[in-house]
Amino acid sequence: MLKVRQALLTAVQRLGDRVDAEVLLAYALSKSRSWLIAHADDLLSAEHASAYTVLVEQREAGEPVAYITGRRGFWSLDLEVTPDTLIPRPETELLVEEALERIPISKTVNVADLGTGTGAIALAIARDRPLAQVIATDASADALAVARRNASRHDILNVSFVQGDWFAPLGDQRFDVIVSNPPYIENHDPHLNQGDLRFEPMSALASGEDGLDDIRRIIRDAGRHLLPEGWLLFEHGWNQGEAVRMLLCNASFAKVSTMRDLEQRERMTMGCWSVSKDCGSS
Ligand code: GLN
């Protein structure tokens, strides 16, 4: 019989990643990662040991940990994740932070999240701004089912979900804040054939020759769905900042600015649907 410590050591050697090895063992045992440390000398049952081996093999074959466990933490939420949804990334929390700065805590504000996937961004905003009314769209019915389950698991009631492409299911509604983490990778980017991206829905990742097809559509239609002084905020690739600032300025957005992520890469850009259409960009 193997001890927890030995099983972990073997998995770390196979996977080359201690966190992955711990997350998968914790999942196999239905325990927390801190439990593993406190019980390093416990013996694993044969069933647990063989269940763990299967998980380690799945990971060795490249499957993302979040799809194996079906969970991923984002903001303050533990979210269900399936292969129908993009896996929420920590850098997308920057988009949530910037959106929250533009949503007063004591006012009812209408927010739209386009292409919500797991619901990560919509649910983080709805949780932290209980007075906000959030509508989240997604073209995929399967993704929306996951997002709805995430909302009900966390008892978040001020969010609703509608199916359709970008603004299509929103009729002529207007919003104070529109957020999106759209697909933005170039169709031929070799990264699409590497790592976790191989397992994620292509429709949530790639967007035309220059990766900007969906961002162009969102910017084109956003003006028809923003209230005066409303904000559009979206994530993009590290090398797309200049192009998206230009797109926003050309579409008459004001106060256009880009934020960098913790690795100092341009990660998200926002603009204000201003009545006085001066484009001060930075
Ligand atoms: N941030 C993801 C990546 O580059 C892509 C997500 C997206 O296209 N929205 O791995």
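Positions of Cβ are set from backbone N, Cα and C atoms, glycine also.
In TrEMBL, annotation is done automatically, which means it is predicted and not curated.
When pLDDT is averaged over the domain 'Release factor glutamine methyltransferase N-terminal' (14-70), the result is 96. For 14-70, the entry in TrEMBL reads domain 'Release factor glutamine methyltransferase N-terminal'.
Summarising the annotation, TrEMBL assigns domain 'Methyltransferase small' to 93-189. Secondary structure of the domain 'Methyltransferase small' (93-189) per DSSP, as helix, strand and coil residue counts: 34 helix, 23 strand, 40 coil.
In sequence order, Thr85, Leu86, Pro88, Asp138, Ala143, Val146, Ala147, Asn181, Ala204 are the residues of the chain that are 6 or more apart from Gly117 (S-adenosyl-L-methionine binding site) and have a CB within less than 8 Å of its CB. Residues or ranges marked as S-adenosyl-L-methionine binding site in TrEMBL: Gly115, Thr116, Gly117, Thr118, Gly119, Asp138, Trp166, Asn181.
Residue density at Tyr184 (substrate binding site): 22 other Cβ atoms are found within 10 A of its Cβ, drawing on all protein chains shown. The substrate binding site annotation in TrEMBL covers Asn181, Pro182, Pro183, Tyr184.
Proximity of the binding-site residues (Gly115, Gly117, Thr118, Trp166, Asn181, Pro183) to ligand 1: a Cβ under 6 Å from the molecule is found for Asn181, Pro183. When the Cα positions of Gly115, Thr116, Gly117, Thr118, Gly119, Asp138, Trp166, Asn181 are compared pair by pair, the longest gap among these S-adenosyl-L-methionine-binding residues is 15 Å. Note on the domain 'Release factor glutamine methyltransferase N-terminal' (14-70): DSSP counts are 40 helix, 1 strand, 16 coil. The number of other CB atoms found within 10 A of the CB of Thr116 (S-adenosyl-L-methionine binding site), across every protein chain shown, is 30.
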